[in-house]
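Student: Quick one: the structure is below, and I'll ask about it shortly.
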Amino acid sequence: MTYFDFHHHHIQRENGIYNLRFNETVPFGLFSAGIHPNDAGWNIPNQFDWLEEISKHKNCVAIGECGLDGLIDVNNSIQEDVFNRQIELANERNKPLIIHCVRRFSQLIPLKKKAKVPMIVHGFNKRKTVGEELQKHQFYLSFGKTVLHHVNLQQFVKDFPLEKLFLETDDDDFNLQELYQKVAELKGITIEELQEKMKENLKIFNISTVL
Ligand SMILES: [Zn+2]
């Protein structure tokens, strides 16, 4: 366990959670599977058949990415319906939800109470007020590349509880070590302490057994 990559799209990477796509071959390591809002407008029955099966896999540690996106051309109520079904599935499987949310935070927050599992908003890079609202409602947040250069976001990360934090590359191409370095600096702790903290956070999700 070195630099755990909480959400990524790099099939070769071993240390992290790979975002598996519909009908894709299962990777060797941990993965999450879900229906992205982008895909909520087509082929739903087949995608759910796939998801219900694949989510039983022992290395499938979370449902997602799934959620709501205000910038895409997919009907909002369809998006919410597909998302709700994934919340139910996550409850059944007792696996956390990795959330993709763009401009739909006020719609997302009320859905939190339906989930009996942790919800992690991945790639968080929004305003402090949005972040604080999510924090208040017990969301976990996973941060990516933006933290390296966005001063306001750095300020937010500095104050955000380590117990609710993850780090990820998503589909960006950069060295995750730099992000760990930056966040350790902001928190005034060593990289080793940060790695240890990330490991503890993963235990909350019952996935430490496969690390
Ligand atoms: Zn992603």
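Each residue, glycine too, has its Cβ placed from N, Cα and C.
Feature list, courtesy of TrEMBL:
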type	residues	note
BINDING	Glu65, Asp170	divalent metal cation 1 binding site
BINDING	His100, His122	divalent metal cation 2 binding site
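Help me see these features in their spatial surroundings.
Tutor: Mapped onto three states, the DSSP output places Asp170 (divalent metal cation 1 binding site) in strand.
Proximity of His122 (divalent metal cation 2 binding site) to non-local residues of its own chain (separation of 6 or more, Cβ distance below 8 Å) is seen for Phe6, His7, Gly64, Glu65, Ile98, Ile99, His100, Ser142, Gly144, Phe166, Glu168, Asp170, given in sequence order.
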Student: So among the binding-site residues Glu65, His100, Asp170, who's got the most Cβ atoms within 10 Å?
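Tutor: Of the binding-site residues Glu65, His100, Asp170, the highest Cβ count within 10 Å belongs to Glu65.
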